Amino acid sequence: MPLPNLRMSSTSPARIKNLIHGFQAVLIFLAWALTIAVFTKAGGIDGRSGWYFGICWLSIPALIYLVAVPTFPRARRFGNVYAFATVDALMIILWFSGWVAVASYVAEGKTKGQEAQKDSKDPKSGCDAFAYGSASKCSVSTATVIFGVVICLLFISTAYFSFRNVAYFRRTGTMPDAVSDPTFDAQTKAAFSSNPAHDFEEEDEFRLGRGGGGGGAGGEGPSHYGQDRDEDYALLQQSEADELGGSHHGGVSGAYDPTSTHGGSVMHDYDTSYNSGYTSRFEENTGGYRDTSYHSATEYSR
């Protein structure tokens, strides 16, 4: 009895990167909701919390580009390895500045609150001494800092994949996840494209019905695409040969055919070989010439 195959199926780095971005989207939504909760608390709205809130909104188009462009075949033409790496690096900077800004806001509020209660008989510490609002406002702001740190670390991990793809592209000219199968399922498995022109050829092949994935009867996979192009080129050469051999008006009756014996042909295949019926035969005419051959003296003396 054969043992079951316990080998785990490999997951492409592109899919791992998309899963990380999906998890980031969930965390960003929670951070956005917590920031709104901070705004509703008493004590006013600080500009540092407002900057954090703005980063949540700026992350939406960035995540759409990083996830949707490499996933959907119609959007892959807008993808670029350098653009992916740039967006990931930019989001690292933004989220780092965001959580640092809110952390400084929380730390400053705690410090001012503790200084104000120095002379108090029962001094408070931590969020209980928060000078910019209630203790709950301090706690929720601290939670947003934690979310910001996690999101920033996740962007560092996704940037690693992006710069890895850039290095691979600069070394080989292709992406490590490039695919030859133009079907939707295959392109969602390998998310990045290295050659836009090759993508356009795959889409054209898919629309013309040449990419059957090797499934149905008569279907041809992408491996037959080069053969189809050779056949098209041969047909084009045959068409040009017909135009050069025939009349300029197309394939009309009376075109030249060297094997045809039909009387209505425009041109005929005459025998133009040497001494043929259509050339003047060379005949030696000796009547107009006198004999100049050598004769001995005895012959003249006779």
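Each residue, glycine too, has its Cβ placed from N, Cα and C.
Among the features that TrEMBL reports, domain 'MARVEL' is placed at 16-161. Annotated transmembrane segment per TrEMBL: 20-39, 51-69, 81-102, 140-163, in sequence order. According to TrEMBL, the feature region 'Disordered' maps to 191-228, 243-302. Here TrEMBL flags 209-221 as compositional bias 'Gly residues'.
The average pLDDT the prediction assigns to the domain 'MARVEL' (16-161) is 90. Secondary structure counts, DSSP: the domain 'MARVEL' (16-161) has 123 helix, 0 strand, 23 coil.
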